[in-house]
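Enquirer: Marked as disulfide bond by TrEMBL: Cys39-Cys119, Cys72-Cys77, Cys125-Cys326, Cys204-Cys236. Here TrEMBL flags His70 as active site, proton acceptor. Sequence annotations record features per position, and here TrEMBL assigns Ca(2+) 1 binding site to Asp71, Val74, Gly76, Asp78, Ser80, Glu92. The annotation substrate binding site is assigned in TrEMBL to Pro167.
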Amino acid sequence: MASSKSMFLFMCFVFGSLMQSMKAQDPSKLTLDYYTKTCPNAQHIVRTEMECFVRAEPRNAAIMLRLHFHDCFVQGCDGSVLLDDTATLIGEKQAEQNINSLKGFDLVDKVKEKLEAECPGVVTCADLLAIAARDAVELVGGPYWDVPVGRLDSKTASLDLANTDIPTAQQGLLTLISKFWAKGLSATDMVALVGSHTIGFARCANYRDRIYGDFEQTSKYNPSSETYLSKVKETCPLDGGDDNISAMDYATPAAFDNAFYEQLIKGEGLLNSDQEMWSSLVGSQTADLVNKYWADPGLFFKQFSDSMVKMGNITNPEGGEVRKNCRFVNT
């Protein structure tokens with residue numbers, strides 16, 4: 001177990017690095033009424049399309065939410081995750097954490113087409129993702145929050161940052177906390193935001209080490225946990241089946257609720273990174289939050305909403321444009 005002093009020094013280092021990086025940033029000021037005059041139906045258009053997508057396939061809610069998250073963790077929430085590779089630009093879609101997990105680009109295209117038909121050259125792809133993520137959560141039973149808008153779409157992308165900044169399923173708690181802190185997000189934000197896994201699915205390649213590793217230890221060899229473990233092992237064999245998927249919340253996979261946290265308390269988190277929030281030897285703070293969010297769904301919804309706004313406020317200091325097509329910078 002890491003000592004309390006070691007943990008304190010580590011967090012001081014992370015905080016200091018964060019403060020240093022923030023000095024150079026000048027985030028755009030986002031407002032709730034940014035499109036009131038220029039595109040008053042923008043949010044209604046996004047909502048209508050999201051209702052169709054989620055009705056057709058409930059998993060589309062998690063797909064759109066993940067796009068927004070992966071976008072904000074690289075250069076800020078600037079739509080860079082949506083850019084295709086071209087002769088002059090290398091996008092982020094081939095990054096390790098994106099290539100086999102991110103979907104929904106066709107859904108973004110459809111929403112953008114509707115927005116361009118209504119208000120040409122007005123609504124950014126970055127704002128589209130932020131609004132769609134909120135609607136996705138609410139449409140499957142989660143909370144509603146007001147989305148500040150006014151982001152710009154980047155003219156660049158960073159494959160390198162996508163490979164280093166996005167949290168991975170195999171990382172330990174201190175690494176995960178440091179990655180969130182580097183974006184201005186606290187451990188409280190992290191535990192709340194990871195609660196979005198209540199509607200998420202994971203690839204076998206991302207949880208194989210977990211289910212053939214310490215799963216039985218964290219679940220204390222509970223018979224009911226063993227039954228669950230047997231089922232996921234059928235989906236995810238030791239060899240092959242990398243792209244097979246399992247719900248990260250097996251109790252209510254299509255509903256945005258707090259059941260995900262109960263799985264962590266039982267030691268049944270599918271991803272190592274998730275279970276670390278409860279089982280890590282240095283995770284007393286995160287474990288306490290897991291307990292609170294499981295005991296009080298209202299508290300979880302409130303913190304999740306606040307943390308989504310906070311994450312959505314991470315902007316790209318380089319500025320940008322309003323892309324006509326979310327896949328390409330304007331020519």
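The backbone N, Cα and C atoms fix where each Cβ goes, glycine too.
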Enquirer: Cβ-Cβ under 8 Å from His70 (active site, proton acceptor), same chain, 6 or more residues apart: which ones?
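Expert: In sequence order, the residues whose Cβ lies under 8 Å from that of His70 (active site, proton acceptor) (at least 6 apart) are Val81, Glu92, Gln97, Asn98, Leu102, Ala162, Ile166.
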Enquirer: Among the disulfide-bonded residues Cys39, Cys119, Cys236, Cys326, whose Cα is within 10 A of the Cα of Cys77 (disulfide bond)?
Expert: none
Enquirer: Measuring Cα to Cα, how many angstrom lie between Cys236 (disulfide bond) and Cys326 (disulfide bond)?
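Expert: Each residue's Cα considered, Cys236 (disulfide bond) and Cys326 (disulfide bond) end up 35 Å apart.
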Enquirer: To test your reading of the Ca(2+) 1 site: which residues beyond Asp71, Val74, Gly76, Asp78, Ser80, Glu92, same chain only, put their Cβ within 8 Å of the Cβ centroid of those residues?
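Expert: The surrounding set, listed in chain order, is His70, Cys72, Phe73, Gln75, Cys77, Gly79, Val81, Ser154, Ala157, Ser158, Ala162, Asn316.
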Enquirer: When neighbour density is defined as the number of other C-beta atoms within 10 angstroms of a residue's C-beta, which of the binding-site residues Gly76, Pro167 has the lowest density?
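Expert: Looking at the binding-site residues Gly76, Pro167, the Cβ with the fewest others within 10 Å is that of Pro167.
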Enquirer: Count the Cβ atoms, other than its own, that fall within 10 Å of the Cβ of Cys77 (disulfide bond), considering every protein chain shown.
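Expert: I count 29 other Cβ atoms within 10 Å of it.
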Enquirer: Listing them in sequence order, which of the recorded positions Cys39, Cys119, Cys125, Pro167 have their Cα within 10 Å of that of Ser80 (Ca(2+) 1 binding site)?
Expert: Cys125
Enquirer: To the nearest Å, how far is the Cα of the residue listed as 'substrate binding site' from the Cα of Gly76 (Ca(2+) 1 binding site)?
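Expert: Here the two Cα atoms lie 15 Å apart.
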